[in-house]
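**Q** If you scroll down you'll find the structure; I have some questions about it.
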Amino acid sequence: MRNFIIHILTGLSGSGKSTALDVFEDAGFYCVDNMPVALLPKFLEIPVNTASGISGLAFVMDLREPDFLATYPSVFNDLKAQGYRLTVLFFEAGENVLIQRYSQTRRHHPLAGDKGLVSGIRRERELLEELRASSDTVIDTSTLTIHELKIRLLARIRKSADHMPMRIHVMSFGYKYGIPHDADIIMDVRFLPNPYFVDPLKHKNGTDADVAAHVLNHSTGSAFLEKFLNLIDFLLPLYKNEPKAYLTVAVGCTGGCHRSVAVATAVFNHMKKREERHVEISHRDLKEAGQTT
């Protein structure tokens with residue numbers, strides 16, 4: 001696993017490590033919460049196919065593990081000496097913020113014991129001071145919203161990773177079968193010429209060249225497609241910076257067989273030419289209409 005970037009997420013309890021781990025998971029990282037430090041070297045020996053789609057590895061490690069403080073220095077140093085790309089992110093927040101978060105969630109602080117929450121927070125900060133000083137990055141989440149934390153983490157991931165893909169799903173659908181609820185962009189193409197009313201094309205679908213030509217190779221179709229693709233080109237960088245891990249572009253016509261399939265296929269091919277590596281296409285309602293690709 002030396003080819004993968006390894007992010008160690010550590011720091012104060014209640015500072016946002018679990019939220020951060022969710023961001024890494026959405027970014028295509030393989031994630032483990034409360035990973036024992038001593039098991040990390042063995043875990044990294046597991047062979048993983050580099051074509052598996054995994055962007056990297058992220059582990060939450062903290063004082064929930066009794067041996068964490070005694071074990072992490074030697075393990076981290078040994079892994080770096082062996083050539084692993086390991087980076088440590090330390091999360092923290094102000095005392096009053098942590099108290100408020102624990103009051104809201106009503107969760108138990110791991111070091112609170114009989115002395116109470118404030119004592120536990122202060123003791124944890126003291127114990128982790130050396131780790132904080134040696135970390136690659138310290139992130140104070142006191143004033144950050146969840147959205148702002150995501151933006152900061154994704155910016156870091158994009159900077160350090162070989163790629164931080166936004167996964168794009170292009171789909172066609174028929175309005176008669178309902179609008180897809182997970183779509184981010186919906187384009188209604190029922191204004192385009194309908195091949196259903198052309199006998200030689202009626203029983204074909206939009207993946208057939210003659211059907212696609214009927215839909216797109218005329219003034220209205222070609223002008224629309226050019227403008228729609230320009231809109232997609234404009235929006236993709238904005239969605240990537242949002243941040244957004246998944247984007248679904250849905251194209252709809254009446255039955256989901258001809259016009260929507262032709263346009264969705266054109267959008268998909270355009271994205272592939274843009275070298276969008278993580279893009280897929282599906283035609284939701286071809287089977288509903290008795291069509292196959």
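Start at 1 and count along the chain as shown; that gives each residue its number.
Cβ atoms here come from the backbone N, Cα and C positions, even for glycine.
Keep in mind that what you see is a predicted model, and the values were worked out from it rather than measured.
Found this in Swiss-Prot, in case it helps:
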BINDING   GLY11, LEU12, SER13, GLY14, SER15, GLY16, LYS17, SER18  ATP binding site
BINDING   ASP62, LEU63, ARG64, GLU65  GTP binding site
**Q** Just to verify: the residue among ASP62, GLU65 with the fewest other Cβ atoms within 10 Å, which of the binding-site residues is it?
**A** GLU65
**Q** Closest of the binding-site residues to GLY11 (ATP binding site), Cα to Cα, picking from ASP62, LEU63, ARG64?
**A** ASP62
**Q** Helix, strand or coil by DSSP: which one applies to GLY11 (ATP binding site)?
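**A** SS state of GLY11 (ATP binding site) = strand.
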**Q** Rank the binding-site residues SER13, SER15, SER18 by how many other Cβ atoms lie within 10 Å of each Cβ and give me the one with the fewest.
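**A** Output over binding-site residues SER13, SER15, SER18: least Cβ neighbours within 10 Å is SER18.
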**Q** Compared by Cα position, which of the binding-site residues SER13, GLY16, SER18 is the closest one to GLU65 (GTP binding site)?
**A** SER13
**Q** Between LYS17 (ATP binding site) and ASP62 (GTP binding site), find the distance joining the two CA atoms and give it rounded to the nearest Å.
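**A** Spelling it out, the Cα of LYS17 (ATP binding site) and the Cα of ASP62 (GTP binding site) are 10 Å apart.
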**Q** Using all protein chains shown, find which of the binding-site residues LEU12, LEU63 scores highest when you count other CB atoms within 10 A of its CB.
**A** LEU12
**Q** Tell me the coarse DSSP state (helix, strand, coil) of GLY16 (ATP binding site).
**A** coil
**Q** Per residue, counting other C-beta atoms within 10 angstroms of the C-beta, which of the binding-site residues GLY11, GLY14, GLY16 reaches the highest number?
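**A** Counting Cβ neighbours within 10 Å, the top one is GLY11.
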**Q** Could you say which of the binding-site residues LYS17, ARG64 has its Cβ with the most other Cβ atoms inside 10 Å?
**A** LYS17
**Q** Would you mind reading off the Cα separation of GLY14 (ATP binding site) from LEU63 (GTP binding site), to the nearest angstrom?
**A** 12
**Q** Just the number: how many Å between the Cα atoms of SER18 (ATP binding site) and LEU63 (GTP binding site)?
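**A** Rounded to the nearest whole number, the Cα-Cα distance is 14 Å.
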**Q** For the recorded ATP site formed by GLY11, LEU12, SER13, GLY14, SER15, GLY16, LYS17, SER18, name the remaining residues of the chain with Cβ within 8 Å of the site's Cβ center, in chain order.
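**A** Filtered neighbour residues, in order: ASP62, PHE91, GLU92, ALA93, THR141.
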